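Peer 1: One structure, as structure tokens, below. Some questions next.
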Amino acid sequence: MASTDKPDRESIKSEEAPAAHPRRSNYSSVHVALRFLLFAASVTAVVVMVTAKQTKIVPVPGLPISVPLEAKFSDSPAFLYFISALSVAGLYGILTTLAAISIVLKPAYATRFLLHFALLDVLMLGIVASATGAAGGVAYVGLKGNSHVRWGKVCNVYDKFCQHVGSSIAVALFASVLLVLLTMLSVFSIYRKIPK
């Protein structure tokens, strides 16, 4: 006769059913979306800046002649640096988008990737912000001029060129904000993984 005081093994196993999987956070999908937006913003800023070109017939002061003068992005080293930096940011954006997708598929390596993301995001933020500031400084002088050193405005003549440059800088500022958000999200995600 079997004792009724001891529970059988099958009932113990059924009572110790595995806990439901914890609800998966949306951080991974937000990472993917923000990184893709970084890629799109960087490429857009580069394309808009590269297409910044305009030719105008400008009168020569003191002479009764007019000559065609061209304004293009390649005339300024700051704009060339801007193109280079945002191109690197675009490449970084697509590579980290693919890495973030791999984290969604295999979350085992998430902490290691998040640490690298946080460090590289700060580095990219510095590069993009410095390039945006350099291009913005040149664009501001083109828009307002500088009477102290007798640099005249050029945006009153090359309006389409200045609109392209201004739009490109605005999109680059958006990319900088995205990098700030990505840095904060990566650090917060790492913080949440610290055992309490």
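Yeah, the Cβs are placed from backbone N, Cα and C, and that goes for glycine too.
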Peer 1: Sharing a topological domain in Swiss-Prot means sharing a membrane side, so do Lys106 and Lys196 qualify?
Peer 2: yes
Peer 1: I need to check the long-range neighbours of the topological domain 'Extracellular' (134-167): which residues 6 or more away from its ends have a CB within less than 8 Å of a CB in the stretch?
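Peer 2: Hits for the topological domain 'Extracellular' (134-167): 48-49, 51-54, 56, 58, 71-73, 76, 78-79, 81-82.
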Peer 1: With DSSP as the reference, give the number of residues of the topological domain 'Cytoplasmic' (189-196) in helix, strand and coil.
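Peer 2: Tallied per class, the topological domain 'Cytoplasmic' (189-196) gives 5 helix, 0 strand, 3 coil.
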Peer 1: Cβ pairs under 8 Å only, please: of the recorded stretches 30-50, 85-105, 113-133, which one is richest in them relative to the transmembrane segment (168-188)?
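Peer 2: Stretch with the highest Cβ contact count: 30-50.
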